[in-house]
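Q: So Swiss-Prot lists the following for this protein:
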type: BINDING; residues: T229, A230, E231, E283, S383; note: L-serine binding site
type: BINDING; residues: R260, A261, E262, E347, I348, S349, S350; note: ATP binding site
Amino acid sequence: MLDLKFVRTNPEVVKEALKKRNSNVSLDAFLEQEEERRKLLFEVESLKAQRNTVSEEVGRRKKHGEDAEQLILEMREVGQKVKNLEDKLGEIEQSMEAVLYEIPNIPHESVPVGADEEANVEVRTWGTPRSFDFEPLAHYEIGEKLDILDFARAGKVTGARFTFYKGLGAKLERALISFMLDRHSAKGYVEVLPPYMVHRNSMIGTGQLPKFEEDAFKVAGTDYFLIPTAEVPVTNMYREEILEAEQLPIHHCAYSACFRAEAGSAGRDTRGLIRQHQFNKVELVKFAFPENSYEELESLTRDAESILQELELPYRVMALSTGDLGFTSAKTYDLEVWLPSFNTYREISSCSNFEDFQARRANIRFRRAPKAKPEFLHTLNGSGLAIGRTVSAILENYQEADGRVRVPKALQPYMGVEYIG
């Protein structure tokens, strides 16, 4: 979340950011509450000072055997006023906190300004989409023909947007996970295997709650949520901690299953692996010095790109516009892989710098020196990559006319075969 002091002293900056993001949060009402809060706080402090003065006078009179009854009654009245004002102050602060949690991050100055994804800017492309001398199939058609993906039986067992991976399909999924973790670990990322359930405070810390609760799977009768991404548990590993400067930067990579309700996506990508309720992903998470976080974003994006390059999958990098930027992000690059069945690029990774937005929510700080005042660090993360979408891209881009799928060279040591089918 944003710093309350920053919002109070820079209301026009925040209003402009909200406008660029097409946010309907009312900052004027929030600022009116802040003004009332400050007045009440001043009144409470004044009354407490008055109560302390009266209390001292009561003590003095009792010490000298003088009557203090009237002052005692006066002190009780002041105490009741303080309680009433503090109750009102608590209500206002609770209301303000709720609004503060609804205010999105302020876009970095380099983010393209625009209403939606149409304003996203292509930064670079890599590779050339393949020209087929036959009619290419969609990944779900390939998977069903090769009997490595079973959507029908998953639908029978669970419902729509679930999949059984079978045989070499399951092995391909597992190979990709190991390949990605190996490559990222070799670059200095420390591997983490996180819990797949977290409690509400963790979801608040990374920004999924309270705003996006309808997109989350909550475990009935508990305070647990199934994680939508490893970003949530890995970022919250350091929640409520003060790190030392020598610990930074921290780089983690983590494989996890991810669970998303996909509320509001009815009718979109209903077939195949593109938009599932459960999918696997390798996540990259960074904790950085504020002054270095944008360099860290560029390197994080390159690390995600390197996986696509080794797999020889054509892709492009898009800088998201203010209207398409995620709620918690200050700047995001999307990596979009070429999918022949769509005849276009589709998102396979989002790499974001949240600056101190998540760190404030999760209270993750660091000290530059042993006795220095703690500061909020910057958090970043990105998919490195989404496994199901990578499977989709491999099946479609590596399909052969005879129905087989060639295994990318980088994966052959993990798969032990050159072809699927």
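Going from the start of the chain as shown, residues are counted 1 onward.
Heads up, the Cβ atoms here are built off N, Cα and C, so glycines get one too.
Tell me about the setting of these features in this model.
A: Take the CB of T229 (L-serine binding site) and look out to 10 A: across all protein chains shown you find 23 other CB atoms.
Around E262 (ATP binding site), the same-chain residues six or more apart in sequence whose CB sits under 8 Å from its CB are R161, D215, R275, H277, listed in sequence order.
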Q: Measuring CB to CB from A261 (ATP binding site), give everything in the same chain under 8 Å that is also at least six residues away in sequence.
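A: The list for A261 (ATP binding site) reads E214, D215, A216, F217, H277, given in order along the sequence.
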Q: Could you state the CA-to-CA distance between S383 (L-serine binding site) and S350 (ATP binding site) to the nearest Å?
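A: About 6 Å separates the two Cα atoms.
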